[in-house]
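Feature annotations, reproduced from Swiss-Prot:
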BINDING   His27, His74, Asp157, His161  Fe cation binding site
Amino acid sequence: MSFELPALPYAKDALAPHISAETLEYHYGKHHQTYVTNLNNLIKGTAFEGKSLEEIVRTSEGGIFNNAAQVWNHTFYWNCLAPNAGGEPTGKLADAIAASFGSFAEFKAQFTDAAIKNFGSGWTWLVKSADGKLAIVSTSNAGTPLTTDATPLLTVDVWEHAYYIDYRNARPNYLEHFWALVNWEFVAKNLAA
């Protein structure tokens, strides 16, 4: 069984003006597709062929891990975004954020700061720890919470290819616009799972 590039949950121009169609064309259409292609080539004829993406991420290393994790991370990231989204979470998610960070404003400030300070290429995550508390975690390169006992709720991609076309080297500007796209409904479903 080969992996395929999952369909975006919206049109490539749907996130504009925050993330341009050109960025989606490269980030999704080229980078994400390349990870899928590389993964398929790397697992051919190995014990990983026929396994689920999550199982491969949890049990592999090296090139197979890097490509599998990047396929998973990107798919998760696209679902964390939505057109006409943003604002603040409500219900149990809002309560959990307030319990763990004091307020939504404090969470947003801490998450943004962690993403800005995430050195080099990587991901910044909101996760639910094994004890049920929410935490902000930054990973490098293809790192993912799937290899831990934490449940990923939200992520932002801070590899330069995620924002360079629209924001050049201004990661803080990208993060400011990221908040206008956060799909809180998806994040809430992850918390409830």
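A Cβ is built for glycine as well, from the same backbone N, Cα and C atoms used for every other residue.
Taking Cβ-Cβ distances under 8 Å and a sequence separation of 6 or more, the neighbours of His74 (Fe cation binding site) in its chain are His27, Tyr28, His31, His32, Tyr35, Asp157. Apart from the site residues His27, His74, Asp157, His161, the chain places the Cβ of Tyr28, His31, His32, Tyr77, Trp159, Ala162 no farther than 8 Å from the centroid of the site's Cβ atoms, the recorded Fe cation location. Over all protein chains present, the Cβ of His161 (Fe cation binding site) has 14 other Cβ atoms lying within 10 Å. Secondary structure at Asp157 (Fe cation binding site), taken from DSSP and collapsed to helix, strand or coil, is strand. For His27 (Fe cation binding site), the count of additional Cβ atoms within 10 Å of its Cβ stands at 24 [all protein chains shown]. Other C-beta atoms found within 10 angstroms of the C-beta of Asp157 (Fe cation binding site) number 25, with every protein chain shown included. In this structure, His74 (Fe cation binding site) is part of a helix by DSSP.
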